[in-house]
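Novice: Handing you this structure, nothing more for now.
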Amino acid sequence: MTESKKNSPEWGSLTSGEFQSNEKWWPNALNLRILHQHHPDSTPLGVEFDYRSNLENVDIDELTRDVDALMTDSQSWWPADWGHYGPFFIRMSWHAAGTYRVSDGRGGGGTGAQRYAPLNSWPDNGNLDKARRLLLPIKQKYGKAISWADLFVFAGNRALETMGFRTAGFAFGREDIWAPEDDIYWGPENEWLSTNDDRYTGSFEDGNRLLDNPLAAVQMGLIYVNPEGPNGIPDAQKSAQDIRETFGRMAMNDEETVALVVGGHTFGKMHGASKPEFHGPEPEAAGFADQGLGWANSHETGLGEYTLTSGLEGAWTPTPTTWDNSYLETLFGHEWELVESPAGAKQWEPKSVREGFMVPDAHVEGRENKPVMSTADMAMLADPTYLEIATRFRENPAVLADAFAKAWFKLLHRDMGPAERYVGPQVPDETFVWQDNVPAHEGPMIGDAEIAELKSTILGSGLTTAQLVKAAWASASTYRTTDFRGGANGARIRLSPMSEWDANVTSGVNQVIAKLEEIQQAFNGKGGPQVSLADLIVLGGSAAVEAAAKAAGHDFTVPFTPGRTDADQESTDIESFQWLEPKADGFRNYQQKQGGIPSEHLLIDKAFMLNLTAPEMTALVGGLRVLGANVGDEGYGVFTDRPGQLTNDFFVNLVDMGTKWHSIGEAEDVFEGVDRETGAPKWKATRVDLVFGANSQLRAIAEEYAAAGGDELMLDAFIRGWVKVMENDRFDLV
Ligand code: HEB
């Protein structure tokens, strides 16, 4: 499309340019769209299609053979280096999975998002459009039976195996999305690879260089770090600092980090044979004739020996398509000096190359090249801890192989949740603590009679509605849909670190759990079907919701499905669970510290993590307020004179024009509502209460819930939302 056409008014609403959107005029507006992404009508597979269960019908052995054959079937439109696409596929897999960040569980290879902007056009993903296109014949053969997401990750795993490495296995089960995620914040910059350090506070110089959360890459457009060193400065020690921080954000420790870099760069090469000015636009900006491929290279053939990707040029080892210890032998075996690649990138090459370390050219018969290292590779020597680990790996290749296999498996599967979500014949028997597994259910399941008995025991135990709802919500609401972690199953709420979290301590959750444990022991002591604490926590909350609805004149049952089990402390990765701590939970009117991202934005994010729609989120907030689920006793948002009953009072009172609101203090965090006539104080509220009257879209829902028949609508959405939250982690139920 030409520029003039793109900017003409009648085309404006058809492009995704910002100039017609509300965000342009009101950049701080809430983005409720993130709650309603991936509309069922947007999938070409049909809403009925269940990818994960259909995988059972796929012949994975045949798929594996097909991928193997592709690996060495070099295509004239993108010839394979050394006749083997393996290294290229490894990089594709690593870049697919490597966007994962443990802080919010976003990114990762789980959705096939590398097909879409911005990822398809990130400079760091240069030429991976070709790697993905090479897989097209396989996609065509298997159709919807194999997702692109699985293919991207599987291809690299298989590549390692075809080049002699023994992986720890592979799990299928990643479902494609049909539009890029609208909820991922990739960073504040307006420019690719900006070197302004916009995402940092502090600096190397003051020893305080700190990357903004939840980001996990040093620059816009990179997966992790700049290979040439921080902001292109070839300082290997500082590069190590950046690597440590960014790999840490991916939940990798030093040992895993070194294993990944060493293992990964045992294969393949860097591409910098041409100058950047030969490059055409990235895929998302490329022309129609390019058919989704970008970075057309006009230097000579623009392929093979002329390829330009990162701009660095050369291989790390003399044997780039074989698993061996040659990366460390090359790295440790030479003295390195700073040079420039043909594309002008800073890189390192040996002052003199030892016998046997020259690298055969990837395309030109008879030519040999020096091995090279990037500044990020030199970090493996420059950082004392990395050096110690790399030295150990060099002396014990079997230890390296084991560490790389485990770290690679974690990299590829970190965003898939517990091992029970893994599909396919290559799933390893071994389990890992980072998977957050819960034990399988054993023995007879509690039935309707036992459930009824337990409900009445709980309701008669002296625990209040508010207490029971608080405990159930605290337990289940740790879930995050981005990487399928958290949730009520496992009852990890009674374990460290959950039991120490401020929100749980402040709201007295531990005391409620202790009482529920007593009930559990008494019940299980009778020798019948056993109930887990995890089930009991959810059942207690659901029974309380039912009772509270009944008190308001509504008779219904909250659906409950038993089968949760209790995990133990040993199977709980404390450090990794710590990321799940709620810093804010608008559903409980909770925020640890004010002054950062406005709490209403955090509420939307939380609702997204819990898979809630806007009407469900709204009903839950209004309902939880009047049930008394707040953390803290200030009574914010409790707009009712009959707390403990499940009513729509929150909405009725919120839209009441008889109340006039003003903020208390400068920060617009806390508000007071007074009688418009008399000035007498009526209610207290936070931003996450008043947003339901102030934001036009949320207000539309709130007005509906406050109107005639609104209580039915609201209760309906409340129960739907409640059950969703309680069952988000029931992967066994689908
Ligand atoms: Fe790598 C390649 C950087 C990590 C695997 N890398 C590469 C390159 C660069 C880099 C620059 C070149 C590109 C072109 O083509 O040009 N890395 C880097 C960095 C880091 C890394 C900076 C951080 C430290 N890797 C990594 C990992 C892995 C890897 C972790 C896995 C495991 N890579 C890789 C491979 C390759 C690369 C396989 C090759 C590709 C081909 O051959 O194509």
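Glycine is treated like the rest: Cβ placed from N, Cα and C.
Please treat TrEMBL annotations as automatic predictions, because they have not gone through curation.
Sharing the feature lines straight out of TrEMBL:
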- Arg91: site 'Transition state stabilizer' (SITE)
- His95: active site, proton acceptor (ACT_SITE)
- 128-411: domain 'Plant heme peroxidase family profile' (DOMAIN)
- His265: heme b binding site (BINDING)
Novice: Can you grab the distance from Arg91 (site 'Transition state stabilizer') over to the residue listed as 'heme b binding site'? Cα atoms, rounded to a whole Å.
Specialist: 9
Novice: Mean pLDDT, the domain 'Plant heme peroxidase family profile' (128-411)?
Specialist: 94
Novice: Among all the protein chains here, how many other CB atoms are within 10 A of the CB of Arg91 (site 'Transition state stabilizer')?
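Specialist: Other Cβ atoms within 10 Å of Arg91 (site 'Transition state stabilizer'): 27.
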Novice: Say we define neighbours as other CB atoms within 10 Å of the CB. Which of the recorded positions His95, His265 has the fewest?
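Specialist: Taking His95, His265 as the recorded positions, the minimal 10 Å Cβ count falls on His95.
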Novice: Could you round the CA separation between His95 (active site, proton acceptor) and the residue listed as 'heme b binding site' to a whole angstrom and send it over?
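Specialist: The separation of the Cα atoms works out to 14 Å.
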Novice: DSSP secondary structure for His265 (heme b binding site), reduced to helix/strand/coil, please.
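Specialist: Its secondary structure by DSSP: coil.
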